[in-house]
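K.L.:
Pulled these from Swiss-Prot:
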TOPO_DOM  1-25  topological domain 'Extracellular'
CARBOHYD  N5  N-linked glycosylation site
TRANSMEM  26-46  transmembrane segment
TOPO_DOM  47-54  topological domain 'Cytoplasmic'
TRANSMEM  55-75  transmembrane segment
TOPO_DOM  76-99  topological domain 'Extracellular'
DISULFID  C97-C189  disulfide bond
TRANSMEM  100-120  transmembrane segment
TOPO_DOM  121-133  topological domain 'Cytoplasmic'
TRANSMEM  134-154  transmembrane segment
TOPO_DOM  155-196  topological domain 'Extracellular'
TRANSMEM  197-217  transmembrane segment
TOPO_DOM  218-237  topological domain 'Cytoplasmic'
TRANSMEM  238-258  transmembrane segment
TOPO_DOM  259-271  topological domain 'Extracellular'
TRANSMEM  272-292  transmembrane segment
TOPO_DOM  293-312  topological domain 'Cytoplasmic'
Amino acid sequence: MEEKNQTIVMEFFFLGLTDHLYQKIALFITILFVYLVTLGGNLGMITLIWADPRLHTPMYFFLSHLSFVDMCSSSSIAPKMLCDIFAEEKRISFMGCAAQMWFFGFFVGTECFLLASMAYDRYTAICKPLLYTLLMSQRVCVHLVVGPYVFAIINITTHTTLAFCLPFCGSNTINHFFCDVSPLLSLACADSWVNKVVLFVLSGAIGVFSGLIIIVSYVSILMTIFKIQTADGKQKAFSTCSSHLSAVSILYGTLFFIYVRPSASFSLNINKMISLFYTVVIPMLNPLIYSLRNKEVKGAFRRKVQKKHFPAGR
C-alpha cells in the first residue's frame, strides 16, 4: 500500500545559488555579462576563422569547433539559470532536466576529446613538420572532429539513460542550479550505486584517455623543442602550444575535481561554485586565451578592422 501512495516525480526544483536579493542582482548582472561575452567571443572567433583564408588550417579548424562547443555548452545552462535567479520556484520538467543534462554533458565531453585532437595537431606540426600536410589531411581532420562528437554522444547517453531509468518518488528538489548527474542521483528512490560507479569509470576513462593523448603529445613536443638550437625557434614553438595548454589545464583540472574525486570529499555547495566556473566562465575564457596569445588571430582581426574602415580603392 505504501508503494502505491508514493508520488511519481514529474518535475524538479532547483535550490539555486543564493536567496539574498543583492547577491541575486550581482549574480544576474555577472552571469548575463559573461554569457554575452561568451556568445560574442566564440561567434566572433568562428566568423574570423571561416572568413580569413590564412586561418584555413587544421589548428583553426579545430579551434572553430571548440568555439562552437563552448558557445553551445554555455547556452544549455546560462539562459535557464538567468531566468531562475529571481523566480520564486526554479522548476524544470522531468524531460527538460534530462535534455539539459544530455546537451551539457554532450558538449563538455566533446570539448575534452577536441582538446586531445588539438594536442595531436600540435604534435604533428612541431615534431613531424615535413609530414604535417600528409598526417593532417582534410580527411584526418574531419575524423579527429567527428570522433569527439561520437564518443561524447555514447558517454552522455549512457549516463542520462541510466539516471532517468531510476525511480524518483520522494523529494524533487535538486541542490544545484542545473540538472547535473551527481545531485540528481541523490534523489533517486532506488540504489544508485551502479550509476555512481559508471559515472566514475566513464568520466575517469575519458579524462585518462584524452589526457594521455595530450600528455604524450606534449612530452614529445618538449623533447623536440629542447633540440631546437635557436632561441627564436624555441619561443615560436612554445607560443604555438601555450594557449592550448592553458585551456587544457583549466578545463581538466575543474572536471577532475568535480567528477573523478570521491563524492564525499567536499560539500555540494562547494561543488556548485566550482560548477558555476566551468559552466559559465570557462566557455568565455577559451576565445580570450586563443585570441590574446595568438599572433595569427590578432593579425586576422586587424586585417578585418582595416578592411572595414579602409576598404580598397578609397
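Positions of Cβ are set from backbone N, Cα and C atoms, glycine also.
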K.L.:
In the structure shown, with every protein chain counted, which of the disulfide-bonded residues C97, C189 has the densest set of Cβ atoms within 10 angstroms of its Cβ?
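P.N.:
Sorting the candidates by Cβ neighbours within 10 Å, the top entry is C97.
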K.L.:
Mind checking which residues reach the topological domain 'Extracellular' (155-196)? Cβ under 8 Å, same chain, six or more beyond either end.
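P.N.:
Cβ under 8 Å, 6 or more out: 6-9, 11-17, 77, 80-81, 84, 90, 92, 94, 97-98, 100-102, 104-106, 109, 202, 206, 258-259, 263, 268-269, 271-272, 275-276, 279.
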K.L.:
Which residues of the same chain, at least 6 past either end of the transmembrane segment (26-46), have a Cβ under 8 Å from a Cβ in it?
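P.N.:
Distant Cβ neighbours of the transmembrane segment (26-46) are 17-18, 63-64, 67-68, 70-71, 74-75, 78-79, 81-82, 85-86, 280-281, 283-284, 286-288, 290-291, 297.
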K.L.:
For the transmembrane segment (197-217), which stretch among 100-120, 134-154, 238-258, 272-292 has the most Cβ pairs under 8 A?
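P.N.:
Comparing 100-120, 134-154, 238-258, 272-292: 100-120 has the most Cβ pairs near the transmembrane segment (197-217).
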K.L.:
Determine whether the transmembrane segment (238-258) and the transmembrane segment (134-154) share at least three Cβ pairs under 8 Å, counting only pairs 6 or more apart in sequence.
P.N.:
no
K.L.:
Counting only residues 6+ away from its ends, which parts of the chain sit with a Cβ under 8 Å from the transmembrane segment (134-154)?
P.N.:
58, 61-62, 65, 105-114, 116-117, 120-121, 124-125, 128, 206
K.L.:
What residues in the same chain, six or more past the boundaries of the transmembrane segment (272-292), come closer than 8 Å to it by Cβ-Cβ distance?
P.N.:
17, 31, 34-35, 37-38, 41-42, 44-45, 63, 66-67, 70-71, 73-74, 77-78, 81, 104, 108, 175-178, 180, 243, 246-247, 250-251, 254-255, 257-258, 298, 301
K.L.:
According to DSSP, which kind of secondary structure is C189 (disulfide bond) found in, if we only use helix, strand and coil?
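P.N.:
Coil, per DSSP.
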K.L.:
Over the topological domain 'Extracellular' (155-196), work out the mean pLDDT and round it to an integer.
P.N.:
89
K.L.:
Give the helix, strand or coil assignment DSSP yields for C97 (disulfide bond).
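P.N.:
Where C97 (disulfide bond) sits, the three-state DSSP reduction gives helix.
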K.L.:
Could you give me three numbers for the topological domain 'Cytoplasmic' (218-237), the DSSP helix, strand and coil residue counts?
P.N.:
17 helix, 0 strand, 3 coil
K.L.:
Is it possible to list how many residues within the topological domain 'Cytoplasmic' (47-54) are helical, extended or coil according to DSSP?
P.N.:
7 helix, 0 strand, 1 coil
K.L.:
By a Cβ-Cβ criterion of under 8 Å, what residues six or more beyond either terminus of the topological domain 'Extracellular' (76-99) are in contact with it?
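P.N.:
Contacts with the topological domain 'Extracellular' (76-99): 9-16, 24, 27-28, 31-32, 34-35, 38, 107, 160, 163-164, 168, 174, 177-179, 184, 279-280.
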